[in-house]
Amino acid sequence: MFQTLYSYFWWERLWLPANLTWADLEDRDGRVYAKASDLYITLPLAFLFLVVRHLFETYVATPLAGLLNVKEKVRLKATPNAVLEKFYAATSKHPKQADVEMLSKKSGCTVRQVERWFRRRRNQDRPSLLKKFREASWRFTFYLIAFIAGMAVIVDKPWFYDLREVWKGYPIQSMLPSQYWYYMIELSFYWSLLFSIASDVKRKDFKEQIIHHVATIILISFSWFANYIRAGTLIMALHDSSDYLLESAKMFNYAGWRNTCNNIFIVFAAVFIITRLVILPFWIMHCTVFYPLDLYPAFFGYYFFNFMMVVLQSLHIFWAYLIIRMAQKFITGKVVEDERSDREETDNSEEEEEAAKNGPLSNGHPILNNNHRKTD
């Protein structure tokens, strides 16, 4: 059965245009072609990336955070309470008013004490500023190096200037060593992101991030199998062109350099919109959708590749919406926060007690100061 499934999976009609077989892509006359077995190395490289990341965050990002004076906010810990902890872990981190009153009776705490306990307990689970800075530093470093390396790989190639060259001679296009390593490193990095996503800082677009990583891994792998390498290198370099700007803006934000952060974010927004909403759909996707049909009839690989491109483009539109919302806050002078971030809740027990005695009330509860700092 395994052999049958293997045969169906690697059926030439799924991956290659009509009248072509895998034999046409065998190495000969000094010309080397992409092979599926090449990608086996990406899994051990992904774990190597995790090790390098740990060392980088420990010995580079952490000292850098100290130099930039990245400071943690003092977080008040929730007092141990078995009743509240059980509800927090098993039922909800955000109890409704009826639940708060019920927990107040069961735990022997006042309603305000229960509310304060849940605020502090949620804050304990939120990632620290140092963790966010270290993560952003690692991604900034990789994306910047990857973008520079990617441009070095493609800038002297004819298909960088004329997209019709992407398909010239396809699929009989030999692979260059620089293309091999560019693919292996990019794919390994995205595998490492997928492996570490459970422990990384979680944001509101957590599900979209998983979809993005999986779609990217599938797209890179498939483009390698089907020898879409020229198109693949263009797509990867295009994505890396804006990512390092976002991560650097985060780093300066965590360091409290708001003006620098805001200026970099404006540049990032412009680059993101131009590359992801203009160049990618109207140049790159136009190239992958229309130009191949001049050479071969559409086949399964053609449809699958472009379907995955549509998935990525849909995510770009979603993120562009969040970016534009943030840009509007810049223009109107409002406090700018990452739309994907989980805000840290303000909780000062002394101010609450004072407000309870002297301050105004709203629905029987003191009005609290909820001016949050930008957390991402």
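Note that the numbers count up from 1, one per residue, in the order the chain is shown.
Just so it is clear, glycine is given a Cβ too, placed from its N, Cα and C backbone atoms.
So that you can see what the record holds, here are the features copied from TrEMBL:
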type: DNA_BIND; residues: 69-129; note: DNA-binding region
type: COMPBIAS; residues: 344-354; note: compositional bias 'Acidic residues'
type: DOMAIN; residues: 67-128; note: domain 'Homeobox'
type: DOMAIN; residues: 131-332; note: domain 'TLC'
type: TRANSMEM; residues: 39-56; note: transmembrane segment
type: TRANSMEM; residues: 140-160; note: transmembrane segment
type: TRANSMEM; residues: 210-229; note: transmembrane segment
type: TRANSMEM; residues: 264-284; note: transmembrane segment
type: TRANSMEM; residues: 304-324; note: transmembrane segment
Check your understanding: Could you give the number of helix, strand and coil residues in the DNA-binding region (69-129) as assigned by DSSP?
Key -> 36 helix, 0 strand, 25 coil
Practice item. Counting only CB pairs under 8 A, let me know which of 39-56, 140-160, 264-284, 304-324 has the most with the transmembrane segment (210-229). Key: 304-324
Exercise for review: Take the domain 'Homeobox' (67-128) and average the pLDDT across it for me.
Suggested key: 82
